[in-house]
């Protein structure tokens, strides 16, 4: 659950000047000054002073831009992960105790499912307006808006502690769903703007890690804080504790965003980012950037396959409690723990994937293997859910989560490679639109299949689409443009 756009003041190129091109007058053309080892120790791209006289245009100083990592980058990353965590927690907090909220508000299970699906639905129409805002106003405003809406939604929910106030809790959840439009696609964008080429995939994984940890806590905490009480007044009291805690944390994080979050570091963290920031702003056209992405066949394949995989994850997360309770009645707490197991193992998978990509740069191979293993994990989970042994479900769910959730940062980073020098927020945003569309379709369809047939049929429905996605992933060509840009400029 990216959105398009770019960092304020960081312009994007038009179709010309793709990575690897070092023609005259482009920022990537630099002359060696001293030994290459000396350049690396200096941590900057150097330039022959005479060249500046021959090339006095707007890009003249780009080659001399100092490449340096900011110590603030980790604070920005952890803060983003934290308010992303809080927003993801609010996404799943109703679904993990679905039956309790059904009884408290006197509505159908489908109505409670829509509290989670509102996140997916809100993202689709709001992606492009938020992208325009990011393009015009920059990264800091987007961070402030995301954290502020997240806190506002949490406080609105505190006004829904009576059974007849279901519309108020819907309003609070809709506000939180607006916040996630400002949050969901930012991991690859923040990683590229703040982190060096040797750590960008790891940073993206850590950013995704926060969102997944929020989902994990959303499975774990609500069943503990909101026990299945018969007394409505006591149930309202337990729900109020959960809502108060969430609102307090969300407000504290918003205050920290105001204090800590900056637009960009003082110096570009990589040569690829220096090239992007050096281009004149007037060269960038957001509409043309979108059109170029839709002409990129490899990216279109990735967009569909990412949507299929992540849409299956959304459907599984939303309907997991119903799946488990259909086979193990009265096991609400263990259903939440199974969801926690899926997400925690997926967080480990995401971090391992990030480390692996930073060291090997094998984007295509890693993505394909993880996709195939997601399919295998889903098949095994489907046929072990009915065995009557909860410990087996914990094991198979953990294996599924390791690969299915671990795939999320892989998709963001592979898209950034395939689409450079376009904005990482643009590519991530389109991936997330695909995920929301498939997520809504899969959640509704699987829910109907489970109601009219059984849980196994619903899970086999998801398996069929994961199989299709694995085949399509095999046809994606590994055109790693961002890596080529970094290597070409380092050699120059």
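The backbone N, Cα and C atoms fix where each Cβ goes, glycine too.
Since we're looking at a predicted model, the values are computed, not measured.
Now, the feature entries from TrEMBL:
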type	residues	note
REGION	1-59	region 'Disordered'
COMPBIAS	17-26	compositional bias 'Gly residues'
TRANSMEM	74-94	transmembrane segment
DOMAIN	76-481	domain 'Major facilitator superfamily (MFS) profile'
TRANSMEM	114-134	transmembrane segment
TRANSMEM	141-158	transmembrane segment
TRANSMEM	164-185	transmembrane segment
TRANSMEM	206-225	transmembrane segment
TRANSMEM	237-261	transmembrane segment
TRANSMEM	297-316	transmembrane segment
TRANSMEM	336-356	transmembrane segment
TRANSMEM	368-385	transmembrane segment
TRANSMEM	391-410	transmembrane segment
TRANSMEM	430-450	transmembrane segment
TRANSMEM	456-476	transmembrane segment
May I ask you to check whether the transmembrane segment (456-476) and the transmembrane segment (297-316) make contact, with contact taken as at least three Cβ pairs under 8 Å and only pairs 6 or more apart in sequence counted?
yes
Quick one: do the transmembrane segment (430-450) and the transmembrane segment (297-316) reach 3+ CB pairs under 8 Å, ignoring pairs fewer than 6 apart in sequence?
yes
Stretch-averaged pLDDT - the domain 'Major facilitator superfamily (MFS) profile' (76-481):
84
